[in-house]
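Enquirer: Sharing a structure here in structure tokens format.
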């Protein structure tokens with residue numbers, strides 16, 4: 001099959017994905033699986049090999065992704081139900097004071113957003129945002145933009161969120177390194193979102209709604225667990241930090257102590273992403289649950305309530321892996337990689353631009369990451385990159401998925417609906433803030449790329 005034909009198949013596949021999701025309103029899982037099937041047939045894969053190919057593509061991706069995403073969701077749900085988000089927010093507000101309330105809310109979103117999916121996390125924190133906004137008054141945007149920007153930044157570039165985890169898997173990037181670089185990049189992304197929000201709020205006044213937001217938020221409310229006490233800030237932070245330290249420790253000890261060191265061997269187990277998150281879940285259940293009077297049934301109910309929301313995310317991630325594997329096996333990915341390589345664009349910029357374009361076209365940050373990664377992956381094999389550089393490419397793509405959030409993005413509607421921001425104002429504020437943060441992420445990754453290149 002000629003290179004031109006392979007390129008046309010690749011372009012046709014991307015166009016089909018965008019068309020089915022945007023115009024056809026077809027679920028991303030069905031879309032990605034269907035396009036992968038048609039691509040395999042059109043790409044010359046023998047009929048008897050098509051079904052095994054699709055299963056292999058999905059299985060290879062979900063082997064680690066399903067564990068990481070599921071355990072991350074359970075950890076976030078335990079923190080949420082325990083009242084940890086409220087404790088964290090009140091502590092930060094008391095620490096920074098009312099004058100710095102937007103910054104405190106952003107910090108809350110950043111920390112709470114690490115283990116909690118962005119859509120769910122924002123809805124959980126909405127009552128806190130409204131409580132602060134009604135007490136201090138001013139434009140709703142002053143409080144709504146920084147916290148949402150911080151949470152989306154973390155969602156796009158920091159594991160255990162599904163897009164960056166699935167994309168890292170497709171790029172064969174080290175999750176520990178991705179987490180380290182992702183956290184570093186997420187900080188300037190959040191800060192840029194915070195500072196850009198100030199003039200946006202000043203120019204676009206949105207009154208604080210008096211509606212009872214708690215009544216409009218469904219599906220993420222508290223469980224029927226009687227809370228006689230709330231956890232301390234230290235306990236809440238420890239449940240978030242513990243798995244991060246274990247994961248980053250597993251990567252750091254290899255570099256610092258070498259592979260033969262006994263401490264490195266230990267952390268190769270407990271620092272593995274899924275094992276570290278499992279330890280984090282058990283720890284959270286103990287210190288936030290059983291310690292505060294939860295029964296075993298309570299813990300089981302909380303865990304069960306965390307699973308349904310992640311089912312679709314896991315399936316979409318697996319279907320993205322299926323599509324990416326099909327691209328590779330048909331030769332389309334290599335043809336696209338050759339074309340992209342001929343543009344002469346730096347790999348960091350190339351990955352970011354592709355992710356930004358696909359994000360703007362179809363709306364989902366996760367789908368954007370899972371569509372971009374398999375297109376970029378073959379190019380990496382020709383570049384003799386170090387693991388740290390591959391991890392930075394993953395973070396750059398993740399940063400690209402944050403930009404240009406608009407009317408085809410579910411986050412756009414959650415944010416505008418619950419904070420009662422008109423669509424026209426949302427496009428002038430939220431869309432620009434998300435894009436500014438995305439650019440900040442690109443710059444942060446580029447700086448790290450230069451530093452890593454100078455060291456290696």
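Using N, Cα and C of the backbone, Cβ positions are placed for all residues, glycine too.
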Enquirer: Given the ranges 12-33, 34-55, which one is assigned the annotation transmembrane segment in TrEMBL?
Expert: 34-55
Enquirer: Should the transmembrane segment (233-257) and the transmembrane segment (103-131) be scored as in contact, given a threshold of at least 3 Cβ pairs under 8 Å and pairs 6 or more apart?
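Expert: Yes, the transmembrane segment (233-257) contacts the transmembrane segment (103-131).
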Enquirer: Taking the transmembrane segment (339-358) as the reference, which of 34-55, 175-196, 269-294, 306-327, 429-452 gives the largest number of Cβ pairs under 8 angstroms?
Expert: 429-452
Enquirer: Verify whether three or more Cβ pairs under 8 angstroms connect the transmembrane segment (103-131) with the transmembrane segment (389-408), leaving out any pair fewer than 6 apart in sequence.
Expert: no
Enquirer: Applying the under-8 angstroms CB criterion, which one of 34-55, 62-83, 175-196 scores highest with the transmembrane segment (269-294)?
Expert: 62-83
Enquirer: Should anything in the same chain at least six residues away from the transmembrane segment (306-327) have a Cβ under 8 Å from its Cβ atoms, list it; otherwise answer none.
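Expert: For the transmembrane segment (306-327), the far contacts come to 10, 13, 17, 27-29, 31-33, 35-36, 39-40, 43, 45, 53-54, 56-62, 65-66, 69-70, 73-74, 76-78, 117, 120, 162-163, 165-166, 169-170, 219, 333, 336, 364, 366-367, 369-371, 373-375, 377.
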Enquirer: Would you kindly list the residues that approach the transmembrane segment (103-131) from elsewhere in its chain, counting only those six or more residues past its ends and only Cβ-Cβ distances under 8 Å?
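Expert: Long-range Cβ neighbours of the transmembrane segment (103-131): 72-73, 75-77, 79-80, 84-86, 88-89, 92-93, 95-96, 143-144, 146-155, 158, 160-161, 186-187, 190, 193-194, 208-209, 213-214, 217, 220, 237, 239-240, 243-244, 280, 309-310, 313, 410-411, 414-415, 418-419.
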